[in-house]
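Record features, source TrEMBL:
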- GLY71, VAL74, ASN78, ASN332, LEU458: Na(+) binding site (BINDING)
- 65-83: transmembrane segment (TRANSMEM)
- 95-116: transmembrane segment (TRANSMEM)
- 137-164: transmembrane segment (TRANSMEM)
- 215-238: transmembrane segment (TRANSMEM)
- 250-273: transmembrane segment (TRANSMEM)
- 293-314: transmembrane segment (TRANSMEM)
- 326-347: transmembrane segment (TRANSMEM)
- 446-467: transmembrane segment (TRANSMEM)
- 488-506: transmembrane segment (TRANSMEM)
- 518-541: transmembrane segment (TRANSMEM)
- 562-585: transmembrane segment (TRANSMEM)
- 605-633: transmembrane segment (TRANSMEM)
Amino acid sequence: KIGSQLFVFFKSEDDVKMCHGLRAVSSVEMCSFDLSSLIRDYFTPGQQGSTEPAARAGWNSKVEYFLAQVGFSVGLGNVWRFPYLCHQNGGGAFLLLYVLLMLVVGIPLFFLELAAGQAIRQGSIGVWRYISPRLAGIGYSSCVVCFFVALYYNVILAWSLFYLGNSFQYPLPWEQCPKQGNLTVKECEKSSPTSYFWYRKALDVTDSIDETGSFNTYIVCCLLAAWTIVCLGMFKGIKSSVKVMYFSSIFPYVVLFCFLIRGLMLDGALEGISYMFYPKLEIWADIQVWRQAATQVFFALGLGFGSIIAYSSYNPKNNNCHRDAFTVSAINFLTSVLATLVVFAVLGFRAKGKVVECVVSNMEKLSDHLHSGDVDTILIPHFNFSDPGSVSVEDYTVWFKQHGHDVPGNLTECDLEKEMQKGVEGTGLAFIAFTEAMSLLPGSPFWSALFFLMLLNLGLSTMFGTMEGILAPLTDRFKTLAKNKTKLTIFSCIIGFLIGLLFTQRCGNYFVMMFDDYSATLPLIIVVVFETFSVSWLYGADRFLDDIEGMLGWRPHVIYKYLWKYICLLAMLGLLAATTIRMFITRPTYMAWNQDKASEEYLKYPGWALAVMALLIIFAMMPVPVALIHAVLQDRTKLTSRDTEIGRYSIVNTDDKCETPMTDMSDLDQRSTTAASFS
């Protein structure tokens, strides 16, 4: 007797006929005279209640799988988020903290998802439903979050396409301010050519999220093109997407190395890199730095999306997923470091140019004041300022700290580090700061086209993984969708494009920020908390390690048991608490562009926007309690149905002292004649 099912075993095939008579009128689930065949047919993982297609697709080679997994985990965040965090949070000290958290939390959780997908060979819904039907909601939540991310992520690809298209002209349209008649456009003159092109030409952005504005025709067309590329790449599942990944996963590394070699030749590159990696160990005392490092580890590896599970489910059972976890994580980290070197080498060049301009301007002011006799001779610098171009930044900085504030004329501090901090995160890095730096290089259209083609490929490989995190679980769970996977892919892309039109309005950039900051962060952390708890406590860490041993042929170190059960779980709960508290203590803000001031400013989200954020989070997490309640009610319904059948057919009643049918063989033998009359 197992749950609500009754299994009866007999010594001969003839006696099984009697058992079938019992099945006709009772809750007997299966009759067999061969215990081993029953175990094979009924209890083999993936058979009971499984909706997995009979012939599941697989990777043609380990290289394909590796490219897909690396392509998904290495995305835009490695290029424009990690360098900013590293610079803001202690440089080399942040790198050490990041490596520590990746080893203790990131890699164990990454290994957990890889092993779960490979062992059960299902998408995220099937994996957690296999462990317990009450946990199926975890997989559905992952699908919802993947859908939210895909909506705004593809808009970033659309922006990249727009800039890529504008890169094939000389001079580049963001190199100089446009003119109206004989006058320079004031908005551009007050800011910079790159800022003006981004906010006014590309986005035509409004002053706040409350002002919706019309649709941006160019961005709508680029978004349609982006979704078309994704749809064509996913048309035949992993068989077609992996062909694209041979290019999209490798090409960014070629571009990064090209930029690194070119960047190191630029004046100011070494200063930029030294500022980047200068360690500030005191930053470890700041709890917010730990929160940001943990969040970056979390998102860099793509935990909780279900894409890792989906990709690993196509692997053969004996694939060494333990080695894959370390290899992919190492490549992810090294890519982040490589991108950081590139970013700060190029930004160092940009900043050095601006600082030199600042020094020259101030020296010219100082010369004017000296000629007019406004400056005390004690304040005159020891270096030759009559030739402003020959004054070094270091000499000027030392002099300014001593006497700069005493000199009339409002001389400014020409600080290289402060200059590097301007616009070095997210879209500000890619579409303003880095774009401006590239416009200063000889052959700027070539470097610009190369850079935005790299962004496009980085985003594409991540989009393929995100879409696989939606499509694979649904097709594994529902046979109808599995039979129409191509139609499902096309339908998903059409829906994604239609909803994505929200982000192509003039205020669309603000919605991208909202989705990026709030639609995925909290729900994904909660998903991973449930995943870790389900495997380590409900399923059992030892049992899970047994399964891994059966796949790999060797048992991973026992330390994983304690990492999953305690360290990872407590770390994720701490991150969840820190993120939630921060959301409630500090009212969410977004960076807006003020057209009159021609500058960026932080504004608080209005009440309706806060309600939208709350709905996004609630909607993403709703499947977890709904699936739990549904499973509990379903179990109660089955239990009630079983009790009704037992009350109706007394022939299969067993004594209270009997635990299994095997102890009732004598009673069943005595009733064989009665049972035969039902067959």
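Backbone N, Cα and C atoms are what each Cβ position is placed from, and that goes for glycine too.
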Segment proximity, the transmembrane segment (562-585) to the transmembrane segment (65-83), 3 or more C-beta pairs under 8 Å: no
Binding-site residues: ASN78, ASN332 - member with fewest neighbouring CB atoms within 10 Å: ASN332
The transmembrane segment (293-314) vs the transmembrane segment (137-164): 3 or more CB pairs under 8 Å: yes
Cβ neighbour count within 10 Å of GLY71 (Na(+) binding site): 27
The transmembrane segment (137-164) vs the transmembrane segment (562-585): 3 or more CB pairs under 8 Å: no
Neighbour count (Cβ, 10 Å) for VAL74 (Na(+) binding site): 27
Stretch-level contact, the transmembrane segment (518-541) and the transmembrane segment (562-585), CB cutoff 8 A, at least 3 pairs: yes
Best-contacting stretch, by C-beta pairs under 8 Å, relative to the transmembrane segment (215-238) and drawn from 95-116, 446-467, 488-506, 562-585: 488-506
Other same-chain residues whose Cβ falls within 8 Å of the Cβ centroid of GLY71, VAL74, ASN78, ASN332, LEU458, the recorded Na(+) site, in sequence order: VAL70, PHE72, SER73, GLY75, SER249, PRO252, THR335, SER461, THR462
Sequence-remote partners of the transmembrane segment (95-116) [C-beta within less than 8 Å, at least six residues beyond its ends]: 86, 89, 127, 277, 279, 284, 289-290, 293-294, 296-298, 300-301, 303, 308-309, 312, 321-322, 324-326, 328-329, 333, 337, 528, 531-532, 535, 544, 547-548, 551, 556, 560, 563-564, 567-568, 571-572
Listed in sequence order, residues with CB under 8 A of LEU458 (Na(+) binding site) and six or more positions away: VAL74, GLY75, LEU76, ASN78, VAL79, SER248, PRO252
